[in-house]
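Participant: Following this message is one structure expressed as structure tokens.
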Amino acid sequence: TLRIQYSANLSESFHGFYKSSYRTRDGERRVLAATQFEPTAARMAFPCFDEPAFKARFTITIRREPKHHALSNMPIVKSVNITPWLVEDHFDTTVKMSTYLVAFLVSDFKSISRITGHGVKISVYTAPDKIDQADYALDAAVKLLDFYEDYFSIPYPLPKQDLAAIPDFQSGAMENWGLTTYRESALLYDPGKSSASSKLWITMVVAHELAHQWFGNLVTMEWWNDLWLNEGFAKFMEFVSVSVTHPELKVEDYFLRRCSDAMAVDALNSSHPISTPVEDPAQILEMFDNVSYEKGSCILNMLRDYLTADVFKAGLVQYLQKYSYQNTRNEDLWNSMTNARGTDQNEMQSDGFCRSGQQSPSNAHWTKGETFDVRAMMDTWTLQKGFPLVTVTVRGKNVYLRQEHYVRGAASPSSTGYLWHIPLTYITSKSNTVQRFLMTTKADVIILPEEVAWVKFNVDMSGYYIVHYEGDGWDRLITLLKENHTAISGNDRASLINDVFQLVRTKKLSISKALDLTLYLKHERQIMPVLQGMDQLIPMYRLMERRATDGTEKQLKEYIINLFKDLIDEQSWSDEGSVSELLLRQSLLLFACVHRYQPCVDKAEGYFREWQKSNGTLSLPATVKTAVYVAGAQTPGGWDFLLGKYTLHSFSVDRMHMELALSLGGSKDRLQWLMDQGLRGDIVRTQDLPSIIVFVAKNPSGYHLAWTFLKENWDTIVEKFELGSSSVASVVTGVTGRYSTRAQLAEV
């Protein structure tokens, strides 16, 4: 038995055992203490072997004032009054777990609770004034925890699960076992004021943290090099669970967007394999990136599509049951998947996630699928960085294929030998039945039953690769989009937009070819292709705007607005419609107002004036708020009025929308003041500083300010947010991402 006496101050950052505060409706400041230990900060709260493989049982005792209460991973077994002003809470002993999942919270929060179908008590804790915004998250958590217990066939092992909204929180949320913590915007939902995008975000975050109770908490990676086993899975399970528990959110529609986001960083030479060696805390922190999360979830989706949903699920369940309360490596998962495949050869129906075409019931359709070595296939996706570019050449009935490593900029010589096992899928002008072909060599040939007008690979973008159509292949697809774009799915159209611009970046195609393809967008009405088109075109315009020389940027802006003009004009300024219609409306109107499309600006300013006249009491449709605030902040007196409302308790759910508007409007002095306030942390919360700096950098008159601010306050920002964290990374890329001159490169 080792006893250690130790003492420490509450941390001033967002990790370890740290101090947070909030103001009540009456403006009184109240303090609380919360924890954030992942990855390496449990050691800041108590001496420990702070590595994920050293699992232990924890018995925690906390002393507090009577006006507060304490929470930890387990329920309280007894409370003892030590003195009239001091209470000692004894918590039950935990299950065997890693240090980074230990948590405690001392606060005066209020809570609401419900019991799940399986008998687990779920509670949501918030600052007292915000408890009326906790219902949605509670309802979602109950549904999701029940779903996971059924899906994994493993009961949740603790008696309770608390979800707490912490006023100061660096990331989105944290999966501490039995006490998950969230930033307020990831948990609190106000039915009268919150938007559809907020509802979607909260549901996904809660689904993510609850998935971790199995993936990560029950079965944990042996070391941080395999962090993706936690994060890629939780990210992937968000979709599996929410598509069942909240079908009205239609989450499967948004999956491919995260894959194109992951590809954006994974195409750089500075990317890293999903599983990569790390040693010190800064390197460990750097693993919490798009590659571990988004790419991890995309390759899992591809594997599920390949194995079928039922074999995939059987493999997961086997893995979780076999390694409960233990630690694992990459290969343990692949072995479980291979075993599941071996034991389950019968024809099975699948639950058809992420597939709008026909689902093949088993692997009978995978040409070349004789041997099923999941590990051999998946090692090519987790141990090599980047992803493949598949070049397709059609000659008569023959389709010639070759693969290479897709890299933007100069590739490192080492990557020329890269080879992937690619589960290719394709449809043709003659058949919309999905054909499947496992490509394991550098080059291969598929022979079609008959000649076709066009072929489209990577159906619905369910694979993590991009495709180049050689010869007249692109022209045929461009013609198809012009003449009959609904002949292929919205996801297929979005993936063509993504691929064509990736190919321009490596000079495989001319920019004019890519712009030819975008012409069809005038007739596009679905959310994914529209957003994909914007994601590709707007950054191009922004880059040119910074260089503004000969009016080309004005023409490009007019071109982009022209593509989406009809769709923008069709939008009603209301909260009517499906979730995807509302998300599309929110993006379109914001785009139109930011780029000063006059009909939109006039309408938004009209709403803003009404809202101003009512002194902020008029209820604006949640979907159009961001556009209204952005346009309003640029009117005389609008900025100051908006700031006045921003500081009020009653607009807390609008904070992010208002920050964007304040950063895009306003004079240079005001933008500077906004960033300074973020550093001070009273009017603007420091947790929001990274996004405010990035918003200011998006403002053409603010991007020098943001860069100067970042340089001058670098040490403070690093101290607060930690080097290697995604917060610091997002600020650096957000501020410098639109630089394009040699002089700017030298400065960076």
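Even glycines carry a Cβ here, placed using N, Cα and C.
The annotation domain 'Aminopeptidase N-like N-terminal' is assigned in TrEMBL to 1-101. Per TrEMBL, the feature domain 'Peptidase M1 membrane alanine aminopeptidase' maps to 136-348. For HIS208, HIS212, GLU231, the entry in TrEMBL reads Zn(2+) binding site. What TrEMBL records for GLU209 is active site, proton acceptor. If you look up TrEMBL, you'll see TYR293 marked as site 'Transition state stabilizer'. Annotation source TrEMBL lists domain 'ERAP1-like C-terminal' at 454-748.
So that I understand the layout, could you describe where these features sit and how close they are to other parts?
Facilitator: Residue counts of the domain 'Aminopeptidase N-like N-terminal' (1-101) by helix, strand and coil are 6 helix, 41 strand, 54 coil (DSSP-based).
For HIS208 (Zn(2+) binding site), other Cβ atoms within 10 Å of its Cβ number 26.
Under a cutoff of 8 A between CB atoms, and with a sequence separation of 6+ in the same chain, the neighbours of TYR293 (site 'Transition state stabilizer') are TRP228, GLU231, GLY232, LYS235.
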Participant: What average pLDDT is reported by the model for the domain 'ERAP1-like C-terminal' (454-748)?
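Facilitator: Across the residues of the domain 'ERAP1-like C-terminal' (454-748) the model's pLDDT averages 94 on the 0 to 100 scale.
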Participant: Neighbour count, 10 Å Cβ-Cβ cut-off, for GLU209 (active site, proton acceptor): what number do you get?
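Facilitator: So the number of other Cβ atoms within 10 Å of GLU209 (active site, proton acceptor) is 27.
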Participant: Compute the centroid of the Cβ atoms of HIS208, HIS212, GLU231, then list the same-chain residues not in that set whose Cβ lies within 8 Å of it, in sequence order, for the Zn(2+) site.
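Facilitator: Apart from the listed residues, the neighbours are GLU175, GLU209, ALA211, PHE215, GLY216, ASN230, PHE233, ALA234, LYS235, MET237, TYR293.
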Participant: Under 8 Å between C-beta atoms and at least six apart in sequence, can you list the same-chain neighbours of HIS212 (Zn(2+) binding site), or say none if there are none?
Facilitator: GLU175, ASN230, ALA234
